[in-house]
Amino acid sequence: MHLSEITHPNQLHGLSIQELKQIARQIRDKHLETVAATGGHLGPGLGVVELTLGLYQTLDLDRDRVIWDVGHQAYPHKLLTGRYDRFHTLRQKDGVAGYLNRKESEFDHFGAGHASTSISAALGMALARDQRGETHKVVAIIGDGALTGGMSLEAINHAGHLPHTNLMVVLNDNEMSISPNVGALSRYLNKMRLNPQVQFITENLEEQIKHFVGDSITPELGRLKGGMKRLAVPKVGAVFEELGFTYVGPVDGHNLEELIATFNAAHKIPGPVLVHVATVKGKGYAIAEKDQVGYHAQNPFNLATGKAMPSSKPKPPSYSKVFGDTLTKLAEADSRIIGITAAMATGTGLDILQKHLPDQYIDVGIAEQHAVTMAAGLACEGMRPVVTIYSTFLQRAYDQIVHDVCIQSLPVLFCMDRAGIVGADGPTHQGMYDIAYLRCLPNMVLMAPKDEAELQQMLVTGINYMDGPIGLRYPRGNGYGVALMEEGWEPLPIGKAEVLRQGDDLLMLAYGSMVYPTLQAAEILREHGIAATVVNARFAKPLDTELILPLAEKLGRVVTVEEGCLIGGFGSAVLEALQDQEILVPVTRIGIPDILVEHATPDQSKAQLGLTSAQIAERVLAKTQQPAPSRV
């Protein structure tokens, strides 16, 4: 059988080990071929090919539920569930999503793009099953560092206290979280654990001894029974046993015979079970095996060399690169500066700080809540913590931002990379909401640069601001190629905007990444006889009302432009300020409406949302041709 013939995972039933190995090779070939062409997550999926095949051969996926953590591990799952013919469209507009999506397939039982959610979701499904008196299996597959997230540990703690709820957790240990040895001893211990006679002895030991000596030594029996149960458990497994799980493993995650035997046996164990599978991230592609962090995810690349496809022309440095370089220079001069990341050093540019000043760098793992409150503690002691995080992941620490930072007005700088449209990763990763969810918080200041040079200024501004927390958002991708400063940066005055273009017909207020597109739109409007004043707002909170309100009243029409959600966003802030002063002028808000933005290139998404320069100009032209509403 060829992989292309598999449209349902139950077709794996009955295949020989040799046939499964052939399917495994075909999965890796298709995975590599596709990601090299489209970009995407490379290492995680390559590491779980045999795990997926072995598990799915032991399940009935017309009934059973499998929940993949994060979702970027699940490319093999997609190839086995009817998406082979469309897999070449991975992460492309209207193509196969890069993460799991309940709308895309009946086998995507739970959507996920953020880490550490699978065990909680699986436990909910298992409890629903039990309520209905059903008997199907529920399996959560977690790993690739996701076990460092507090939510997964909360779920394990809860599930471990439900001895009558059958739930299997498969820990894909690819050395990104924990990594015990795999070998002959481990296989022997695992075999011993699964031996029915050993299980019978450990579960019935107490009753057998009581039969002969009575109840007088019950406390000692409990300790003896616990010791027997832990006899064959590797050290790491004892932790899960103490939390109420039956621990099985570690198992060689690339040995199909061992995986199938282990899963079949583990399915028979009642209650919560954890199967520990040791895998190699990037398995089957030597370049990715050697550089597991670098090949976690890739842009399109040359499969033979592993190198990125050359660009048609040189590109300016990315915002992340400018951020990392600038923060490192500032940290060299100020030992109070501490860069904090939640397992995203390379993506955020903090790997530059890590390399040059490791003592001023902290990686907390996938633990955003901890990162924020730890930063609050650092700020209490006079340090200058810089929490560097993707906009979408900062959502995970909202209570900590409110309770531990804002209420105490602590000087924590939040640097939100990937703010706005991020592209191929889709709705789980769009950075659309940060303006809205942070603007409502007392003591919070919000700013966004128009280009990479202003990013440098704002980074200096944030580090020097001591009156409370400050949020700095900036987009994914490359800057505009403007000249960068090497030193001598001065903080910007808080809450002050700048006028970039003068005109007498209307006021255009742009925030962050939309400043340059708005300037281009103003030029198009000029060609149509409309002269716009363009303001780089710089700050969404506090607004520069001393500048904005008189201009709005004088010019009589306002347009706001932002790369964020319209509900509660920058445009809403402007409307509120105008209303508070009873300045009743027409306001057109341009931004992201109340929809989910699916995976596509950033340019495709912006065109779909009406955020190109030409579309902004068209929207303004359409509005200016309408009579202004009465101010009465």
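Heads up, the Cβ atoms here are built off N, Cα and C, so glycines get one too.
Noted in Swiss-Prot for the protein shown:
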- His72, Gly113, His114, Ala115, Gly145, Ala146, Asn174, Tyr285, Glu368: thiamine diphosphate binding site (BINDING)
- Asp144, Asn174: Mg(2+) binding site (BINDING)
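Under the three-state DSSP scheme, Glu368 (thiamine diphosphate binding site) falls in the helix class. A 10 Å cutoff on Cβ-Cβ distances gives Glu368 (thiamine diphosphate binding site) a total of 29 other Cβ atoms nearby, all chains included. Its Cβ taken as reference, His72 (thiamine diphosphate binding site) is surrounded by 23 other Cβ atoms within 10 Å in the chains shown. The DSSP secondary structure for His114 (thiamine diphosphate binding site) is coil. Binding-site extent for thiamine diphosphate: residues His72, Gly113, His114, Ala115, Gly145, Ala146, Asn174, Tyr285, Glu368, maximum pairwise Cα distance 31 Å (rounded to the nearest whole number). Under 8 Å, Cβ to Cβ, and six or more positions away along its own chain, His114 (thiamine diphosphate binding site) finds Val70, Thr392, Phe393, Arg396, Thr428.
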